[in-house]
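According to Swiss-Prot:
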| type | residues | note |
| --- | --- | --- |
| DOMAIN | 14-208 | domain 'KARI N-terminal Rossmann' |
| BINDING | Cys45, Gly46, Ala47, Gln48, Arg68, Arg76, Ser78, Asp108, Lys109, Gln110, Gly158 | NADP(+) binding site |
| ACT_SITE | His132 | active site |
| DOMAIN | 209-344 | domain 'KARI C-terminal knotted 1' |
| BINDING | Asp217, Glu221 | Mg(2+) 1 binding site |
| BINDING | Asp217, Glu389, Glu393 | Mg(2+) 2 binding site |
| DOMAIN | 345-487 | domain 'KARI C-terminal knotted 2' |
| BINDING | Ser414 | substrate binding site |
Amino acid sequence: MANYFNTLNLRQQLEQLGKCRFMNRDEFASECDFLKGKKVVIVGCGAQGLNQGLNMRDSGLDVSYALRAEAIAEKRKSFKQASENGFTVGTYEDLIPTADLVVNLTPDKQHTSVVKAVMPLMKDGAALGYSHGFNIVEEGTQIRKDITVVMVAPKCPGTEVREEYKRGFGVPTLIAVHPENDPKGDGLAIAKAWAAATGGHRAGVLQSSFVAEVKSDLMGEQTILCGMLQAGSILCYEKMIADGIDAGYAGKLIQFGWETITEALKQGGITAMMDRLSNPAKLRAFELAEEMRVLMRPLFRKHQDDIISGAFSSGMMADWANNDADLFRWREETGASAFENAPAFDGAIAEQEYFDNGILMVAMVKAGVELAFETMTESGIIAESAYYESLHELPLIANTIARKRLYEMNVVISDTAEYGNYLFANAAVPLLKAHIMPKVGTDVIGKTLSVKDNGVDNVTLVQVNEIIRNHPIEQVGKVLRGYMKDMKRIAVGG
């Protein structure tokens, strides 16, 4: 199979990379009616599979789960999750032939074998759904021409898809129709109905393309969403220990600091996050972020270039063929890191203390978010897509670190994201360790700035505030956050 993106000519590549339209709410007036009375069969019952299925059923759709025969016979986790929630569960042969929409929500690595198994069983004119387009775009899987291929990609982990739905809301979602597989012209109607059934239409839906979703999703998760958080956690902890900060305190400051800092990001963008700092601390964080932006831009561009060209996917699939040797080795190395094994800290850390004593962490977030956004948009990805794949998802990933540190993050994210995370972090750690960490001390990580007063130069402060607030991600973010003002706020600090 050939990489689908690489089979397109330049004009087609740019057209698909740039496909992005924020859909009006009135386009979802009929909600999920288009799929009512039809049979939806989900393949796979992990976090996305279970939670999307629960939402779709609660929206009035007929949902069942097709699992491998051995998963049913051995009563594996997927079988238990589906059956204990009252769903009909059967083998591929039992359920696929009567399905109107087959939704493939298995891990990326399994997509080729799953599609190969289900496609011969699908009836003429059925639809095949994905929540990530890697199999279509990077692996180049070709689907039978009578089958409609659509995507609905919630921009958060599966657990949040369910929690926001239960609150009467939803999560921002990308939808797409594969241009090679829309024989009846009803792909968009199917995708809209599926998105509405999960609640996504209440939080904002982007009509995108398989190509744009894959290329932006891979970039976001490798760099700011996972890779930067992993690199920052390892480096900040090592620095604090070297400078005499209590190990338990250092571990807690990082573990819960990312979540607390990015909650401000979620509510008001980079502007709100930076405004939580004192004026001297804001200027210091800005300086550090600018230095990191210059230092790390080539690394961000390399990752985007490798994603666009397909080099990243080729390397990862080679590791799949090698029984995930690199993935497992990097996972083991992460588990052995000092931060992952930091002792517990029973003391309380006030919310503001995470900002005051985590100036370097704030700077890392600012630099990483802006670099990811800029690198995506200069590659032809539209600003709205770049926002969702950088700033928007960051608090959701930070929340996983708050639960069980980097282990939890790497368990929750996809296998593709985990591999890309290690690839980026393994390059970012030595780069930052050589050029940034020797220049900083406990004044920006572990303690706080030692200043006699909070006085700063007014002209400099005004200039810095203008730069922060006028960054393109702040402009598009203000509009998109307007659709998400009802999203749950998390408890921070403690």
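Just so you know, glycine gets a Cβ as well, placed from its N, Cα and C.
Structure coloured by features recorded in Swiss-Prot.
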residue : record                : Cβ contacts under 8 Å, 6 or more apart
Cys45   : NADP(+) binding site  : Gly53, Tyr65, Leu67, Lys77, Ser78, Phe79, Gln81, Ala82, Leu105
Ala47   : NADP(+) binding site  : Pro157, Gly158, Thr159, Val412
Arg68   : NADP(+) binding site  : Thr91, Tyr92
Asp217  : Mg(2+) 1 binding site : His132, Ala153, Glu389
Glu221  : Mg(2+) 1 binding site : Gly227, Glu389, Ile413, Ser414, Thr416, Ala417, Gly420, Asn421
Glu393  : Mg(2+) 2 binding site : Lys155, Cys156, Gly220, Leu225
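Summary for the recorded positions Lys109, His132: the Cβ-based neighbour count within 10 Å is maximal at His132. Note: the Mg(2+) 2 site is recorded as Asp217, Glu389, Glu393; in the same chain, Lys155, Ser216, Met219, Gly220, Glu221, Leu225, Tyr388, Ser390, His392 also have Cβ atoms within 8 Å of that site's Cβ centroid. In the shown protein chains, 28 other C-beta atoms lie within 10 A of the C-beta of Glu389 (Mg(2+) 2 binding site).
Residues of the domain 'KARI C-terminal knotted 1' (209-344) grouped by DSSP class, helix first, strand second and coil last, total 114 helix, 0 strand, 22 coil. Note on Ser78 (NADP(+) binding site): other Cβ atoms within 10 Å of its Cβ, all shown chains, come to 21. The number of other CB atoms found within 10 A of the CB of the residue listed as 'substrate binding site', across every protein chain shown, is 20.
Mapped onto three states, the DSSP output places Gly158 (NADP(+) binding site) in helix.
Around Gly158 (NADP(+) binding site), taking its Cβ as the centre, 22 other Cβ atoms fall within 10 Å, counting all chains.
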